[in-house]
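Below is one structure, written out as structure tokens; comments come after it.
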Amino acid sequence: MRRYEENRNNNRNNNNRGQKLYEPKQQYGQVQEQQRNLRSRELRRKQLAVQEREFTRQNLKYNQVQFTTWFNQISGQVPTIHQIIQKFQAYNNLEELFTKMKIHSDQLNSYIYLMKIFGQQNQYDVQQYIDLILSSQSFSTQLNEKCTLLLLYQDSIDYMNQELDTIHQLFFNLKLRDYQALKQSNIANFLYVLKIIELYNPKLKNQVVQIIDNCDKHISSIYSTNQILLWRKTPIYPVELEFFQQNDKPNQLFGKLETLPSENISFDQYIDFHFNLLRQDYIVELKEAIISLNESGFENINRKINNNVGLYQNIELISAGMNNQDIVWKIQVEQFNLDGRNQKKIRWEKSKKLASGSLICLTNIECYPLIFGVITQRDQIQNQYKNGKIQLEFRFLNLNTQLMQFLNLFSQKTILIQSEGLIDPILYYLESLKKKQSLPFSQIIIQNQNVVSYPLYLNDNCIFNIDLSYNDYYQGYKFNIYQQIWPQLQTTLDVSQVNAIQLMLQREVALVQGPPGTGKTYCGALAVRILYENLQKKDFPILIVCYTNHALDQFLEHIIKFVPIEYVARLGGASKNPILEQCQIRCRQKVNFEFQDFNKLKKKMSKIIERMLYYKYKIMPKDIQTFWPNLYEQLIFYFIQDNNLDKNFDFNQNTAEELVKNWINCQKPQDDIIINGYLNGMNHYFTMNQIHGISQQFQILQKTSNLKKKYHDSSDEEIDEYLDSDEENIYNNYSQNNLNFNSFDVEKAIIEFNYLNQNQNQLHYDYCSIEKIKAYVNSQKGNPWKLNQKDIKEILKYLQCLRYQNDSIKFQNQYKQFSEQSNKLKELQDENEIQILNSMKIVGVTVTGVAKQTKKLQQLNTKIMVIEEAAEVLESHIASILTSNLQHLILIGDHQQLKPTLKNYALQEKFKANVSLFERLFLNKIPSVTLSSQRRMKTKFADFIRQIYGQTYEDHPDILKLNEKEIIGLEKDLVFFNHNWLEEENENSKENKQEAQMIYKMVLYLLDCGHQQNQITVLTLYLKQAQALKRLFVKQKSIKVQTVDNYQGEENDIVIISLVRNNKNNNLGYIKIENRINVALSRAKIGLYVFGNFDFILKASSPGCTWQKMILLAQKKNCLNDYINTKCIPHGNCQIIRRPEDWNKIKPHLCDKQCLKNYQNCNHLCDKKCHLNDSHQAINCPFQCDRIINCGHKCRYLCREKCECIEIVEFTLPCGHKIKDKCGTDLKTYKCQEKLQITFSKCDHKTIYTCSERLKYTKECLKNCQRKLLCGHICNKICSQNCELCEQECQKQRPCGHKNKCKNKCYQICTPCDTLVETKLICGHQSNFACYSLNKNIQNYICQQDCIKKRECGHDDQICKNKCNQLCSLCEKIITRQLKCGHDIQVKCCQSDIEVQKEKCMKECQKKRDCKHDSICLNKCHEQCSPCLKLIKKTLICGHSIQIQCYKSKEIYLCQDKCEKIRPCNHNQKCTNICSKQCSPCNEIIKHTFPCGHTHEFFCHSYQSQIENFICSKSCLLQRSCGHDSPCLSKCYENKCSPCQQIVNKKLDCGHLIQVECFRFNKIYKCKQPCNKIRECGHIFPCSTLCSDECQPCKLELFKNLPCGHKHLVKCYQYEQPIICKENCIKIRECGHLYPCTNQCNQNCTNCKQIVQLNLKCGHEIDVECSQSQFFYQNYKCQKQCIKTRVCGHNYPCFNMCFKTDECTPCQDKIFKFLDCGHQSQILCYQSILDLKIQCDLPCNKKRSCGHNVACDKLCFQPCSPCTEQCEYVFKCGHQSSIMCYQKQDETFLKNFACMHPCNKKKICGHKTICTQKCYQQCDLCQNEIQLILNCGHLKQTICSENLNTLKCSQPCLIPKQCGHPCKQICGEQCQECEENITKRFPSCYHQKIIKCYQKNLYMVCEELVPVKYSCDKHTMNISCFQAQIKLKQCPECTKCNIF
């Protein structure tokens, strides 16, 4: 609002800019005032809203208490059905009342009674009430607990059959009509109890056998009631009741999964089928496993049934946390071994066990209860865990999961069951299907029609700008895309691709089948580009959906080439392209959400969890009153009765609670607490014999130790690894985006929870004992005071359990609130993201990712959806993602490749779920296009694919270049390797170890040949084989090892396929499926190698199947062999490989010849035998290095190592010392280690040090001082430190004479004396004070004796109760004072002034009214008069009069009389409204004639508006322009006649006559008569076309002579066309050789491979193929050694190869060279032309610059050694000393060289004391004692060297304060505020208060407590004096107050 005001002011300023520059100040003030008023109103509105919410909350709380109290008494009062219904109908919020109802001891009985009476009546419709009860958390919690207790104490309960029958009747009363309610009931818990009794308790089973039979019949009736078309009411999550077996078969409880009929399918039938199919698919395997485990137990597991689930045990709670979406629980589990299996080490980083997104079920060994969840995260490593443990995080799947059941589960033998596969996407699909109201394209998808129209969004524009060139710049040709024949456009597309583009643009549902390598993705992207370019102005994005992340990345990589990346959005993660990461939507806008309330809710949930974990429920009296009110009342009643108290004795709340608290603690109440006097009825309290006994618990559910392990074969191990699964990657990206959980801060509680064995002994009370205690308490003589202490403890334990259950219910309700708030927040965040997505042009997402985004995409304004690989997607998934506003669907895929699959194979086969929507529409003959030109693989590979697609699968011309590529190292590029190695026997999957080894060795060989890892892919049809291969290729991480099912849509240069299968049962398994064969053989581009036993496959396959065709074709191509030929790359030799070990033979070398290749950057030749890898880099050269280093020494390392001089030479350091080290050592960083000694002249200490540390040790002495100080102590500091200040303990005597020890150091001032001294106070009392603060404490001491001062009011009989230092207590004497109104009141003296001012007169009001009426005022004297109720007459604006009460005279009234006003139209129609309202419309009829002559009637009230907008709809009467009389069908308002339908004759250009309608006469027509034209060729060949069409080509066959000499039979119209001769080539080669040509006649001859000898330019001869001779002559590099003559004339050999054109290798013959010093040095020849600095290594003979004759011991090239001649040096102080000559030039030495002579300087102060320091040191400080005058004027004795500025005066301060009190600080310290005590008197109340002197000017209020009366005039309350003006609230002690 404020922003609106500011904008309005700104606009007003802009409009008046020309008139005024600034607004007046007055106007600005008005605006500010308006803004303040707006803020005030907004604040008041919020306050009112808060008050209203609080009132509503209190009202709901009151209703809740009333309803709960009534409900809990139902079982005792036994109301009728009529009374119950009447009570229920009285409450509007019955559902909320049931939801928030607390646990009660008798509540379950009330539920049982209600269900019984509901089941027996037929008068009322009680279904809604039954649903409320069954969904009530309190009912569910108590029933679960009851079933658990019956299970635990089944052997101790006397009437077990009655208990079970009661629960059975509870459900049976619902009958079959209540099926919907029964689904959500807790009947599953009851069934588990019966099952366990039946299995483990045969004795009890005989007693309850009838109940078990009745229950079986009941369950059968339940399953028989399930119906079809209930998908909207079916929960998407599993329900416990589904996991029961009936008639030895697991039943489908929800709906019915039935096959769809072939026709007349309704929308509901279609959605119901797909919903139930998806739901059953993810539940059925888990259901079968749990039923099996339920029957057989966990020690004898049926491995076949439980093969698809994972089992884990011993669940342990680790932590709990939450974010804004959900609550997460972190647990730890260990591998299952209850059946004796051995634990194995799992590679968790590669395992899909417990993967994120998996469905899990937490239960115990009896499968009771079942808690379902979804894993959100799992640890990746196991190193930190022992015994096969791993940690994971999960969330509850069902919001109704009870926290109590979850926590109780940990105290039992726990089991975790995992169902493999992602569950979250399926849940999103199911949720989307449930919300479906309609389905786009339903006539095609549901009704199976094959007539497809154009997209609706093209109604207004079908002219497109088409460009098929795929250039960077879009330049198209405009035309109507619906025309049958498109114009010729520039493009590289083939005909089928152009047809596919045309179909995708024209049809609302388009199918494009793309066989392998035909470019279906390319076509799809091009179609999207055309749509994007022509629909840019539309405001909807195009949705791209792909099956995998890889396919989506490929598609979007095409898209971003022509669509700006800012208009492309990619939903989800797992993109491997960094550019596409920019397309991720990251919306972080603020949302209008109450985060404060949301966080409070989360905090409440955290507190409940913490409380339930600790289980520290301390029972208070209020708990008994809440959960067992009958017991609470009995305790009060019997206490009064036992002690003979009056029955009307009134206990207040505190007394009653104190009484019950004594009973809780088993203590007798104290007499004086309850009532004054002796209570004699408590003698027999707590003396009764114990009621409860020790009940025997059923031990089957308790924790026990593990069984002994048995060892199984490794073949029984489960498959636990997976390979590059897109689904897991997508889910992890979705779940982790946001899934950083905040801890609940309950870690300590969880630690104690686990330490106490999960509260195992506290969770359940003794059922039998409590029932007996209840019976005793409810009996007539049941006195709870007589109960034994053990019975009371059992009751307290029972109440703890009730509180525990109540907390569980609270958490359940708050969890639902949290979920609702979380969904609201998610919707608000999604709204922002949807706005962004709607602004995009392209939105891409995977099929799995679209499941999570379904809700968001349903709101997306998209009209076009493109689904790539649509034939691999389930129809159920596509049906769930089709949005309601979709108008164009493009499906791209190939149903002859991989098909969609369900998790459960039996469901898939039964309902044909592997038929995709794409395939179904294709078979239904929906318009489609099949691409026909492949551009991926060589022709020989495509021949195999043509066995599936036929000859329409053609090669693109570009494939010719691909056919010429060869595989380096292998003779053939296509091999079907035939072997007889048997597969391993394994039920889970298949493996062939020898085949895997063969492939592994082959791949290693290919890598050695130079192929890159990313060029090779290894495929297999079995997961077990893929895992085995993956383990082999651990080091080769870039080798792609994958199953065929996960590789569709991808390709690679070399593909190796492992078929695995070879067994004695002739079972082919997966490899016989044609779709998988198609995918496997179509992935390779230049090399395809298939491994398998093809003899076995041929034998086991059926006649005419695909494999037989493939094998026969392989035999025909001569590529089916039992060997592989390798080919030597350098020399062309071949070797045969038949077994894996044969690869080892060719690993070192391929042939016996030498390699002789040059190493890089050196002249050495490789002397190894022929080898594969190109390892001739410089780092691999093994020869000795022959280089000369810059220092002149020769390198001693190998050629491949870095050159470095390692010669040992002698150096002279700057300090003069000599060392020997490696040549090139840096002397600047070298530290001299020579040992030296120094003697300090001051202290005569000697120190040994290393030369490099001389600065540290020569500067000052570092030994201990040991001098004797003036105080007598020995100095223990370092010698060089100042020892003037003694830091030892002080031993000086105190001036006061006390002997307590000083705690300071010797040089410090002594600590104050704290000896106590007895002193007399001013008031006469004596007290003890510390010596050091004696004077100060006496002045500030506050006396604590009783006060004896006289009162100022004169009432001395009122004794003061305060202390001496305090103000006198208030005078309590009662006096009489007069109010302002004249009445007298009795008040206390201390309150008299306040009461007179504040007292309100409570007498009746007698004031006169302003209106002068005599009506009596009903209010009190001090209140405002009540409203005047006298009736008066008031005249309204319309003239009518009304009677009203006086106080309402100023209110505005609307007249309620009938209207009598005259209408403006002057019509006489009466108005039907009242006087105060607008007149009713006039309905008088008016006639009007229009210009066309027609007359129409109108109502008066709408006459003018209808005339203006009226359109005449009568028939047209105009004459036609053609003159015909055919009637016009148009209307009058159209002003245009309809087309003339008269038939006329028209002559065509060919001469034929036709009859046409008149309005079509000018239209051009084509003649439909048969053609009779004469052909141009003159042949008489019949033409079957029409007269208007072009004649068909003449197909008369003729012979045509070709230039090559062959004759071909051709048709007439093809005679002039060039013909390609495909006969075998017989041309003579230009070279003359007779080497055969294998090409066709029309092709160029193949290269001549005849071996010839070629003379090179250098004179050498080599053997080459004839076709390469010319190339070798021009480009061949001779590999022999160079023999050219050197320029220097030496005969040193050159190591270069002949082909090198640069200079020969350097000549290394030795020669002599003269140096600058005159010496000669021997060097290599090639170094003579180099500018080398050669170091002379002869002895030095140079003269020194100082002139001394000291000999130099260095070599000639080295600097001269330092001169050691002794010289004199004079210090600045005048002293002299001897140093070496070279040290005079060493500035560093001179700077640190100090004079060591004794000091002879005079002191500045003039004192004649001898200095003990050396000359270079600072003189000693003067220690003579002197007296100094301080700045304050005081004298202080100190030593001479002390600084005057640092001295502090210790005398008392003499400066007086302004208040007159003396200052108590030390002189020199800042004066503080005066702390003297003074008395302050408050003028308004005359009270006094002792304060500090500095506080006398501060504002204070009187805090003296004074009594103030409530409005009842009976009770008072003590409050502070300054608060006496505030109105008191209503009196809490009585209810007579009526002021409020």
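Just so you know, glycine gets a Cβ as well, placed from its N, Cα and C.
What TrEMBL records for this protein:
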- 1-36: region 'Disordered' (REGION)
- 27-36: compositional bias 'Polar residues' (COMPBIAS)
- 811-877: coiled coil (COILED)
- 1162-1183: domain 'NF-X1-type' (DOMAIN)
- 1191-1207: domain 'NF-X1-type' (DOMAIN)
- 1271-1288: domain 'NF-X1-type' (DOMAIN)
- 1492-1518: domain 'NF-X1-type' (DOMAIN)
- 1577-1596: domain 'NF-X1-type' (DOMAIN)
- 1746-1765: domain 'NF-X1-type' (DOMAIN)
- 1859-1876: domain 'NF-X1-type' (DOMAIN)
For the domain 'NF-X1-type' (1859-1876), how many residues does DSSP put in helix, in strand and in coil?
0 helix, 1 strand, 17 coil
When the domain 'NF-X1-type' (1577-1596) is classified with DSSP, how many of its residues are helical, how many are strand and how many are coil?
0 helix, 1 strand, 19 coil
Residue numbers, six or more beyond the limits of the domain 'NF-X1-type' (1746-1765), whose CB comes under 8 Å of its CB atoms
1212, 1216, 1218, 1717, 1719, 1735-1740, 1780-1782
Using DSSP, how many residues of the domain 'NF-X1-type' (1191-1207) fall into helix, strand and coil, respectively?
0 helix, 2 strand, 15 coil
Within-chain partners of the domain 'NF-X1-type' (1271-1288) [C-beta distance under 8 Å, separation at least 6 from its ends]
1240, 1243, 1245, 1260-1265, 1305-1307, 1821, 1823
In the domain 'NF-X1-type' (1162-1183), averaged pLDDT is 75
By DSSP assignment, list the helix, strand and coil residue numbers for the domain 'NF-X1-type' (1271-1288), in that order.
0 helix, 2 strand, 16 coil
Residue counts for the domain 'NF-X1-type' (1492-1518) under DSSP, helix then strand then coil, are 9 helix, 6 strand, 12 coil
